[in-house]
Amino acid sequence: MNKGLKWVSILTTIGMFIVLVMGALVTKTGSADGCGNTWPLCHGKFAPLASLESLIEYNHRLVSGIVGLLVAWQSIWAWRKLGHVRGVKFFAFFGFFLTFAQALLGAAAVMWGQSSAVLALHFGLSLTAFASVLLLTILVYETSWFKEAALPPVSTGLKIGIWSLTIYCYIVVYLGAFVRHTQAFGCYAWPKCTDQWIPALTGPAGFQVIHRIAAFLFLVFMVGVTVYMVRKVQHRKDLVVASILSLVLTIGQVLSGAYVVLTGISLFPSLLHNMIISALFGVLCYLCFQSLDQKQKTGEGLQPIQADSSGQTLNPSIPSVGKEEPISG
């Protein structure tokens with residue numbers, strides 16, 4: 001069922017991930033001005049100039065345009081075929097809207113120039129657009145994988161914790177993007193900054209240290225949430241697995257950040273750092289979505305799932321978590 005939509009969704013998600021990496025490549029290689037201040041043309045021409053910066057920027061625009069069309073295709077198709085599924089219309093709309101918004105912001109940066117703060121926001125929009133496309137793709141597959149799956153609700157406190165963690169992650173990402181766009185690489189040692197743990201919080205070194213402290217606090221927060229999930233929410237395997245994956249990616253992000261610094265901010269470590277945070281933010285957004293009150297699709301509409309604290313569903317027509325029959329197909 002919806003086999004074509006599944007393939008389009010996979011291609012769109014991979015494409016969005018590639019666009020994120022290519023955007024990081026543009027920034028890292030200083031290729032943002034490779035096509036001058038003209039958009040969508042390159043120096044007013046359809047073909048790029050014979051320079052590395054021009055080729056990198058031109059290909060970034062070309063791939064972004066193709067992926068933008070894929071996003072539109074996926075959004076319209078999912079809306080029409082699976083609009084009755086919870087969350088599909090939301091992610092279809094925001095995936096398309098955010099992709100369009102970040103493209104306009106990128107075009108504005110080329111034609112009129114933008115501050116480092118706005119350029120960092122451009123990456124943030126791209127990251128959120130990727131997360132929307134990823135979640136829409138997951139929903140497309142969940143309609144086949146998890147039919148009739150009853151998911152008991154989580155506590156309000158845990159829900160607040162998950163959402164707070166994700167919002168804080170976005171702030172840390174923004175700080176990192178700001179450091180990258182301002183070239184605020186004042187610390188060339190790790191975990192210390194030069195010969196000090198905490199230098200004066202001004203200038204390039206200050207921005208770098210603030211980003212490191214924020215990242216460390218995020219790691220601590222992530223460990224706490226994951227431990228709680230594993231110990232207290234075993235009946236929600238989706239949340240447990242996603243939280244463990246988030247913790248693994250967080251540790252990888254910290255280590256890749258150290259790799260960036262210790263290798264003199266070279267190209268591959270920087271791209272790896274970008275790829276890991278993209279995956280991490282996507283998983284965190286999945287956690288946010290799964291923490292919301294689940295609804296069971298029935299022939300008459302959407303029936304809210306009720307469950308006690310142990311994860312046993314109270315709806316007589318819906319099996320309890322851990323006791324449902326496996327779904328074939």
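Cβ from N, Cα, C; glycine included.
A quick note: this is a predicted structure, and the numbers were derived from the prediction, not measured.
What TrEMBL says about this one:
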- 7-26: transmembrane segment (TRANSMEM)
- 62-79: transmembrane segment (TRANSMEM)
- 91-113: transmembrane segment (TRANSMEM)
- 119-141: transmembrane segment (TRANSMEM)
- 162-179: transmembrane segment (TRANSMEM)
- 209-230: transmembrane segment (TRANSMEM)
- His211, His273: heme binding site (BINDING)
- 239-265: transmembrane segment (TRANSMEM)
- 271-289: transmembrane segment (TRANSMEM)
- 302-329: region 'Disordered' (REGION)
- 306-318: compositional bias 'Polar residues' (COMPBIAS)
Residues from the same chain, set at least six apart from the ends of the transmembrane segment (162-179), whose C-beta lies under 8 A from its own: 116-117, 119-121, 123-124, 127-128, 185, 207-208, 210-211, 214-215, 217-218, 221-222, 225, 273, 277, 280-281, 284-285, 287-288, 291
Remote residues contacting the transmembrane segment (7-26) - C-beta distance under 8 A, at least 6 residues beyond either end: 32, 34, 56-57, 59-60, 63-64, 66-67, 70-71, 73-74, 77-78, 99, 122-123, 126-127, 129-130, 133-134, 136-137, 140-141, 267, 270-271, 274-275, 278
Folded-back contacts onto the transmembrane segment (119-141), same chain, C-beta under 8 angstroms, at least six residues removed: 2, 5-6, 9-10, 12-13, 16-17, 19-20, 23-24, 27, 71, 74-75, 78, 82, 85, 87-88, 91-92, 94-95, 98-99, 101-102, 105-106, 109, 170, 173-174, 177-178, 180-181, 277-278, 281-282, 285-286, 289
Cβ neighbour count within 10 Å of His211 (heme binding site): 22
Other C-beta atoms that fall within 10 angstroms of the C-beta of His273 (heme binding site): 23
